[in-house]
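Among the features that TrEMBL reports, transmembrane segment is placed at 12-44, 64-82, 94-112, 124-145, 157-175, 195-216, 274-290, 315-337, 344-364, 384-410, 422-441, 453-473. Taken from TrEMBL, the feature domain 'Major facilitator superfamily (MFS) profile' covers 16-476. Here TrEMBL flags 497-508 as compositional bias 'Basic and acidic residues'. TrEMBL lists 497-521 with the feature region 'Disordered'. Marked as compositional bias 'Polar residues' by TrEMBL: 509-521.
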Amino acid sequence: MDVHPSVFKNIRVYWMAFIVYWGIVLFGYDTGIGGGVVSATYFLEHFGLLNADGSKNQKKVDAVSSNVVSVLQAGAFFGALGSAPLSAKIGRKYTLFIFSMIFCVGAILTTVASTPQRGLAEIYAGRVISGIGIGAISAVAPAFVSECSPKEVRGRITGLFQIMVATGVMISYFVNYGVGIHIPMGVNVWRIPFALQLVPAGVMFFGLFTAKASALSSTENKEALRNLAYLRREPEDSEEVLAEMAEIEAAIQEEKEARKGLGLREALFGKGNLVRFVIAFVIFFLQQWAGQNSVNYYAPQIFASIGFAARKNSLLASGIYGVIKVVATAVFIFFGIETLGRKLSLFVSAMGMGTLFFIIGALLKTHPPPALDANHPAPSPPPASKAMAAMLYIYVCFYSMGWGPLPWVYVSEIFPTRTRHYGLALASSSQWLWNFVVSKVTPDLVTDLGYKLFLMFATINIGGMAVFSLLIPETKGRSLEEMDVVFGSISKEQRRADIDKRAKEIHRSASSHSASTDQKV
């Protein structure tokens, strides 16, 4: 029985997103792997982080933990900023090629680190270099995918970003769990986790050879039309492809005429642009302080702080957390993101997370776990600790249905074509800047604040994120070119007139091409 072509109409877009987002697996894997590596007993012994009696020197452990995790974000911040001019000049696809190779250099450097004298310095340097690659990939990949996706399913396809992040984090937890159980001693405690970074990097690098450049980043109209038709699985002269191309070219032409010689100043302060840049910065500031990244980066330590003292227990609890995150994110991306809308999802997500963090903080205050003892950890966590772990599992479901995937989706939608690379670079750099801050201070916050850490996150979720979600415009179901109307850059009437004008020109060009072909035949 024949299958109707429309069943797989967007299969090429999904494939392109799948390939590009293997680079995003690196995002999740690299951010999740550091905390588990540093918590390994052999790592602490090898690099002199234990006291003479074999107990942890908590001050040194917190410092090294925060450094190993946070220098990745520091490199990513600069990688995200540096990606903007390069992707504007050579296109998204080739920018991803370059930064995937940079990432591999850093991954190799962290893998070969061995001696107590130079090992930490090599790990720090490798993490910075890897971070530069990851930061650029995180800025360019969502723009690439968003530009190639039809508006009807753009939220779902671009939302794959967060599924791949969650998958990377989950894999990192189970890699640390497997290494912790089967290889507790020796340099492979960190070499195996760091070496496995090269697998998703290689998949993305070689997979990019099968991807087409987006219509928006193609330098010639014929190439842009050809690539758009390929992605839509339609002939180049189809009404659907010509109409979409007309809308794209109308928006580009408007921006070229209004902002010739565009620079950073004009991009920021052009009509209707500043509010978009503010949203892009603030939405990731809030996302990073939602509490999720503190759990992501230091899951073993977080679970230990609520009573999972034994390393095996904390690593297993982290792995379960990662699985729930992947499943919850996938369910939301495929079944909820185009149903609930952006604003409602963000609001419900923030309120749910804030409520659960408040409950965890209250439980931890009234039922503090037994004092941690690395040499004689409790064989099983107490009932109150299990209840708090369950709350964290429910919390990650709320995170995954809103503030996990939607900031990337939202920011990739709101910018005009000509300034999208600036907007995504700012958003990604904001994400990595606050990522760096959160990852740097979390070990000290866990040690110093105790239950108050969860109350702090509850306040940010309810008082900041829930309120913010009510103030931003809804973007569900709108094309990228309509965003200029939403944010007041151009009137609805002027946009309609520009689209009609470009449509007539494209139809005339297509008719002339068809007539010329018929004459030759």
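Using N, Cα and C of the backbone, Cβ positions are placed for all residues, glycine too.
Secondary structure of the compositional bias 'Basic and acidic residues' (497-508) per DSSP, as helix, strand and coil residue counts: 12 helix, 0 strand, 0 coil. Taking pairs at least six residues apart, the transmembrane segment (195-216) and the transmembrane segment (94-112) share three or more Cβ pairs below 8 Å and count as touching. Of the recorded ranges 64-82, 157-175, 315-337, 384-410, 453-473, the transmembrane segment (94-112) has the largest number of C-beta contacts under 8 angstroms with 64-82. It is 422-441 that, among the stretches 12-44, 157-175, 344-364, 384-410, 422-441, forms the most Cβ pairs under 8 Å with the transmembrane segment (64-82). Packing against the transmembrane segment (422-441) from elsewhere in the chain are residues 31, 66, 69-70, 72-74, 76-77, 79-81, 83-84, 131, 135, 138-140, 142-143, 264, 267-268, 276-277, 280-281, 283-285, 287-289, 293-294, 297, 407, 411-412, 414-415: each is 6 or more residues past its ends and has a CB under 8 Å from a CB in it.
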